[in-house]
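Taken from TrEMBL, the feature compositional bias 'Polar residues' applies to 13-23. Marked as region 'Disordered' by TrEMBL: 1-30. The transmembrane segment feature in TrEMBL is assigned to 40-60, 66-96, 117-143, 163-183, 195-212, 224-242, 262-287, 313-339, 359-378, 390-409, 421-440, 446-465.
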Amino acid sequence: MDEENIRKRKESQNGSTSNNVDSQTKDKQPAKATVLQKDVGLLSGICLIVGTMIGSGIFISPKAVLLYSGAVGPCLLIWAACGVLATMGALCYAELGTMIAKSGAEYSYLSEAFGSLVAYLYSWTTVMVLKPSSLAIITLSFAEYASIPFYPGCTPPVIVTKSLAAAAIFLIVMVNCLSVKLANYVQNVFTLAKLFIILIIVVAGMVMLAQGNTENLSNAFEGSSTSVGAIGLAFYNGLWAYDGWNQLNYITEELKDPFRNLPLAIIIGIPLVSVCYVLVNVAYFTVMTPTELLLSPAVAVTFGDRVLYPLSWIVPLFVVLSTFGSANGSCFTAGRLAYVSGREGHMVKILSYISLKRYTPAPALIFNGILASIYIIPSDINTLINYFSFAQWGFYGLTALALIVMRYTRKELHRPVKVPIFMAGLMVLVSCYLVLAPIIDKPELEYLYCTIFILSGLFLYYPFVHRKVNWARKIMRPITMHLQLLMEVVPPEKT
């Protein structure tokens, strides 16, 4: 084992640099195991779910659902139905998370149900593309709205938004590397900020309703779409806005009392988001017709200009706060996935190491931040993540299928939470549709390229994971040792 060799070398080389690091830090550390600590309570868990799910989408462009549903009534029903589906999916994850109390979410569950190969392909795709590109997109959105006030009447220069996004990534990674409690505090504060602006929008909408602005809500089903394909695409976009309901499962090992707090945070957090989404859309329709909403470049900003003037500036301010909070939550969970993958031997071992002073997975967080910074550079990053989103829903479906499979293959496992099996079956069907619908509706070569990338992980899996070739270990051993000394990180202790 790489970590055992490093420890032996530290013990044998008196006076070496690594021994100096150990001797300098030994007396400073509290007497607790070198593992990720259980610092996430119920409130922080709820804020992680809510804060990551509510990004910029509900404020900027909740238009796709209306576009495909065709009318206000079906639009609101689809938002509510997507909330129900997200809750059902999250309850399936609650069963999995309390049955297999490991961090890593889908990675741990797929490994338990289908074996190492499927789990590896998930970690390969998610660690290398999905998580860092998602962080890049969120920070680019943050940068755009943060820089708009300094460029009135024109679009901010690309170099400015990209530089600001890179600075945001650096700041978020630094916060997460310094302290889990600090990262939780940041997440809690920014989640409360976005709930505050949602409350303002909802209350303003209720006031407009009380004043009789109900024209857009009367005859709400007139002009509804009758196309099954269009309704399906409306659900696709609605469920995209709810993505993030699985975030707490990435940090199960850091939850205080996970058997209680994991399902409770899900039961509180996701219905809260669902209610917020529906009420915010109702508020929008009190001041905008469906046509005006579809033409608005930023729906919440338009709402603020019409209802909250002269305080309309608070809406873009809180959009900035909302996107920063979502980026923090995304970085927090992405680091845990890379950490667990490294611990299980599916990524380089250094990613599984923990800061000796801070008890954070610093190498995994830094690695995710570096990849996100790289993904900021190309201009078509949104296109990239759109093509890879079908893969994300494929893994969601496999995870729901894992629940069904383990009902029969792992009957001995204790299940503190047990959901009706039809919920998992429904999630499998929904996931199959969301994987196939965009490909059938508009087949493009990019989907093939994404599939080829996912399967290309097999070329790395066979020699480095399955065979564990010696020459790769010889190359990585000195690199791991020097990075370990540079970042003052150590392998996690087995508990």
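Note that Cβ sites are derived from N, Cα and C of the backbone, with glycine treated the same way.
Curation plays no part in TrEMBL annotations; they are all automatic predictions.
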Stretch contact, the transmembrane segment (313-339) with the transmembrane segment (195-212), Cβ-Cβ under 8 Å, 3+ pairs: yes
Positions whose Cβ lies under 8 angstroms from the transmembrane segment (262-287), at least six residues beyond its ends: 42, 45-46, 48-50, 53-54, 58, 62, 72, 75-76, 79-80, 82-84, 86-87, 90-91, 93-94, 97-98, 195, 198, 201-202, 204-206, 208-209, 213-214, 216-217, 241-242, 245, 248-249, 252, 255, 293, 299-300, 303, 306-307, 416-417
Positions whose Cβ lies under 8 angstroms from the transmembrane segment (66-96), at least six residues beyond its ends: 105, 109, 216-217, 220-225, 230-231, 233-235, 237-239, 241-242, 245-246, 249, 262-263, 266-267, 270-271, 273-275, 277-278, 281-282, 285, 290, 293-294, 396, 399-400, 402-403, 415, 417-419, 423-424, 426-427, 430
Non-local residues, at least 6 beyond the ends, that sit with Cβ under 8 Å of the transmembrane segment (421-440): 85, 88-89, 91-92, 229, 232-233, 235-236, 239, 390, 393-394, 396-398, 400-401, 403-404, 407, 447
Touch test for the transmembrane segment (40-60) and the transmembrane segment (195-212), at least 3 Cβ pairs under 8 Å: yes
Winner by Cβ pairs under 8 Å against the transmembrane segment (359-378), considering only 117-143, 195-212, 224-242, 390-409, 446-465: 117-143
Non-local residues, at least 6 beyond the ends, that sit with Cβ under 8 Å of the transmembrane segment (117-143): 55-56, 60, 106-108, 110-111, 160-166, 168-169, 172, 320, 323-324, 326-327, 330-331, 333-334, 337-338, 341, 344, 346-347, 368-369, 371-376, 381-382, 384-385, 388, 391-392, 395, 398, 453-455, 457-458, 460-461, 465
Outside the transmembrane segment (390-409), six or more residues from its ends: residues with CB under 8 Å to it: 89, 92-93, 95-96, 99, 105-106, 109-110, 112-114, 118, 122, 125-126, 130, 243, 246, 421, 424-425, 427-428, 430-432, 434-435, 438-439, 447, 450-451, 454
Folded-back contacts onto the transmembrane segment (224-242), same chain, C-beta under 8 angstroms, at least six residues removed: 53, 57-58, 62, 64-65, 67-71, 73-75, 78-79, 81-83, 85-86, 270, 273-274, 277, 389, 430, 433-434, 437-438, 441
